């Protein structure tokens with residue numbers, strides 16, 4: 001329709017990552033600049049060509065940061081609802097994010113060509129959930145092209161031009177037409193919002209920017225306000241149409257890529273403001289205003305909800321893993337990374353993710369894009385702890401079991417007799433499910449320590465439930481269990497809801513009496529015994545047998561709550577005896593028994609990496625029964 005993609009091109013055109021095409025989901029927000037000529041004779045803009053900057057965003061809650069930072073760069077949003085499935089939980093969350101950002105909303109019902117499409121039902125759901133007039137909902141089919149021209153026309157009419165430019169172009173060749181966005185503030189000092197970044201092994205860091213003010217040209221020197229320091233020369237500029245199209249300059253209102261050849265992956269901070277140091281110098285000179293260039297508001301930083309330790313398969317692979325993580329984090333700014341050392345696994349990283357699917361995708365991208373296999377510890381959430389010897393308003397974040405000082409937490413004699421407190425993060429979850437599955441969903445939420453906030457009807461056969469749930473209860477397998485209980489028809493989304501006090505304990509796993517720090521976890525006291533039994537049973541199966549008996553135990557606050565025993569390998573020492581006095585056999589068996597006792601006292605159990613990988617991988621994460 002805009003002739004940006006050749007006929008017969010590949011499906012999922014903007015899903016460029018292998019993990020996206022393999023899983024059939026969108027992981028990274030991708031932008032594309034399109035030229036659209038208004039062919040409506042009755043329109044005031046008839047014959048004019050518009051530059052439209054489209055951003056395709058993910059739908060899953062784990063990639064909400066991609067949505068939020070995309071909204072910061074947009075002036076309008078196309079609200080697409082599948083006519084065969086209706087309003088989803090993530091649809092509601094994204095709608096209110098766009099509304100909060102002050103964007104113009106263009107509603108549309110997609111897949112209306114399907115036999116099971118319920119267009120009228122979807123319109124009623126959008127009226128109930130969002131207050132959108134059913135007459136404003138555009139029926140379209142992206143597959144057949146039906147109604148797509150109306151969508152482009154609605155975008156032109158409803159969405160305002162960029163704050164820095166008018167967004168019109170009327171020349172012949174693509175490069176000159178894309179460059180001619182008649183910007184209102186193109187002569188102002190440069191301010192560009194850094195939206196995304198990825199690392200190219202041949203060209204260095206490739207930054208995606210939105211030009212808010214001013215103009216950037218090849219040869220200019222630009223720098224980021226967050227890092228400061230000297231600028232880097234711009235080697236290449238361009239737009240994604242959707243393939244890269246080199247441009248001599250980018251003006252206010254444009255969205256494009258900037259390459260400076262920088263190899264410093266830490267210098268590009270998503271949300272930073274790029275500027276020209278020369279503009280600031282001129283402003284301080286005799287002919288300028290003397291005012292410092294103000295940074296752009298940017299967008300709210302991502303807050304990780306799930307934490308995992310990532311360790312290399314062997315110690316000599318640590319530096320390679322460090323380089324891989326740094327380059328991947330450059331392309332996924334929602335991941336937090338800090339150094340961590342484990343007695344069992346050696347040096348590694350403590351990484352924070354927006355959810356378990358987000359962590360899974362990160363692991364897969366490490367394998368596919370950097371050939372880096374990792375051992376990932378059990379997922380946990382970040383708790384807040386106030387120790388008795390600290391002020392009542394002083395809390396420490398605890399994102400790993402090793403960071404919790406249980407002895408200090410339970411000590412007496414705090415200020416004014418104060419006791420230690422652990423608070424766990426909570427979420428307000430929105431679940432949309434079929435009406436006949438409400439009972440199963442309510443049972444699941446109650447089992448996960450949830451409290452109901454709202455129960456509302458969406459149309460005739462769909463229900464919206466809102467529950468307050470502990471973040472730890474949804475971090476591992478809540479979504480899978482929800483899909484299982486509703487035959488895949490339920491959708492789920494959530495928002496942060498602060499912290500609440502909880503009875504959280506550290507569950508330690510001991511092998512031959514020695515605690516294995518990589519297997520420790522934080523859990524609610526009510527579920528510690530069940531989880532400990534499960535971990536012991538799985539570790540028993542994973543551990544190789546030794547020449548002596550090995551005890552596998554789970555302990556809470558020093559008290560053993562579960563135990564399994566790995567039986568010893570045993571040689572038949574009486575095989576060489578051919579009858580005779582029974583005392584000879586007893587003597588040999590007694591010597592063997594004493595030897596195994598001695599081996600148990602002084603022997604060490606080495607847990608192979610394969611056992612860790614099987615125990616700690618996301619796929620084998622504990623499933624609640």
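Here the Cβ of each residue, glycine as well, is placed from N, Cα and C on the backbone.
In TrEMBL, the annotation region 'Disordered' applies to 163-182, one of the ranges 143-162, 163-182, 183-202, 203-222.
Long-range Cβ neighbours of residue 111 (GTP binding site) (same chain, at least 6 residues apart, Cβ-Cβ under 8 Å): 82, 83, 84, 117, 141, 142, 143. The record assigns 56, 57, 58, 59, 60, 110, 111, 112, 113 to the GTP site; their largest pairwise CA distance measures 25 Å. Sequence-distant neighbours of residue 58 (GTP binding site) (same chain, 6+ residues apart, CB-CB distance under 8 A): 25, 26, 27, 28, 29, 66, 67. Cβ neighbours within 10 Å of residue 60 (GTP binding site), excluding its own Cβ and spanning all shown chains: 22.
Residue 113 (GTP binding site) is surrounded by 16 other CB atoms, counting those within 10 A of its CB over all protein chains shown.
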